[in-house]
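Chemist: Pulled these features from Swiss-Prot for this protein:
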- 1-16: signal peptide (SIGNAL)
- 43-146: domain 'Ig-like C2-type 1' (DOMAIN)
- CYS67-CYS130: disulfide bond (DISULFID)
- 162-245: domain 'Ig-like C2-type 2' (DOMAIN)
- CYS183-CYS229: disulfide bond (DISULFID)
Amino acid sequence: MFAIALLSFLVVLINAHPPMHAEMHSAVVTLANEIDTNYLTSPAKIKIVAPLESALIPGGETYQLRCDIMSTPAATIHWKFNGKLIQGSNELNVEEKLLNFGKAIVDTGIVASILTIQCPSAENSGTYSCVGYNGHQTIETVAEVEIEGEASGCRSNHKSAPEIVFWTDSRFEMTGNVATLVCRANQQVDWVWMSNDELVKNNDKFTVLSNGDLVIKNIVWDDMGTYTCIARNQFGEARQETFLYPTAKKSSF
C-alpha cells in the first residue's frame, strides 16, 4: 500500500507541475513497473507493426510518416529528428494503473502516431525516428527523408483544421477494469467521442479528458466495438477510430 500511496502522490505532483522532472519520471516508472510485474496477465513486450520507410520527396509537398506499435503494457510514442525530440513524450498512463490497482490487467493493444512534415525544404532533410516505450522496453524505427528542390507558395498552418497525431488503434482489457482510449491532437481543440453513432457523454462510466483521452470504467462485454475520436476547431475536424475488446475476467493475483 505504501507503493500505491507514493505513486498517487507522484501523479498529483506530475499533473500539478508538468513537464515531469527526470528523477520524478524515474520514480514513477519504477513503481509502475512493480504494478505491471505483479498484475499483468502476460509478460511485457513491444513490437513495431510496420517499420518506417525512407523517402525522397519534392520540396513544398506535405509528407506524413506513420508509426504503429503493438505493446504490453500500452506504449507511448514520440518522434525525433536528427536525435532531437520534436513530437510526443514517454510519459506513461499511471492514472489507469492506479484505477486498476489490485486487479489482473491485460493492458495490451496497438497505438499509432503520425508525424507531418509541412511544406518541407532542404532543412527538413535528415533522420526521423519513431520511438515506442512501454515502461519496460524501448523500440525504434528510423527513416531517412531527403527533400529535393525548394519549397514555394507554402501557406501558414496557423489557421488550419486539427490533426490527430497519437491514438489508440486497438485495446484489449479485462472486463471489470478501466480502459483508456488515447487520442491527442497537434493543437488546442474541442473533443467529441462517438460510439455506435451515438455521442459519448461524461458520466460515472465514461470520462472525456481535456487531453482527448476517453476513460471507460468497469468495462463489460457490451462495451466492445469501435469508438471514434473527433478533434474540432473553427477551421475543421479530424477523426480516428479505435477498437475496444473486453476479455474474460480472471481472478486478481
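Each residue, glycine too, has its Cβ placed from N, Cα and C.
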Chemist: Test of understanding: give the count of other CB atoms lying within 10 angstroms of the CB of CYS67 (disulfide bond).
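Modeler: There are 27 such Cβ atoms around CYS67 (disulfide bond).
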Chemist: Take every residue in the domain 'Ig-like C2-type 2' (162-245), average their pLDDT values, and give the whole-number result.
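Modeler: The average pLDDT of the model in the domain 'Ig-like C2-type 2' (162-245) works out to 97.
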Chemist: Could you list the residues of the same chain, at least six apart in sequence, whose Cβ is under 8 A from the Cβ of CYS183 (disulfide bond)?
Modeler: ILE164, PHE166, TRP167, THR168, TRP191, TRP193, GLY212, ASP213, LEU214, CYS229, ALA231, GLN240, THR242
Chemist: Only counting partners 6 or more residues apart, tell me which same-chain residues put their Cβ under 8 Å from the Cβ of CYS130 (disulfide bond).
Modeler: ILE48, LEU52, LEU65, CYS67, ILE69, ILE77, TRP79, SER113, LEU115, GLU140, THR141, VAL142
Chemist: When DSSP states are grouped into helix, strand and coil, how many residues of the domain 'Ig-like C2-type 1' (43-146) land in each?
Modeler: 9 helix, 57 strand, 38 coil
Chemist: Provide the number of Cβ atoms within 10 Å of the Cβ of CYS229 (disulfide bond), excluding the reference atom itself.
Modeler: 26
Chemist: Could you give me three numbers for the domain 'Ig-like C2-type 2' (162-245), the DSSP helix, strand and coil residue counts?
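Modeler: Result for the domain 'Ig-like C2-type 2' (162-245), in helix, strand, coil order: 3 helix, 50 strand, 31 coil.
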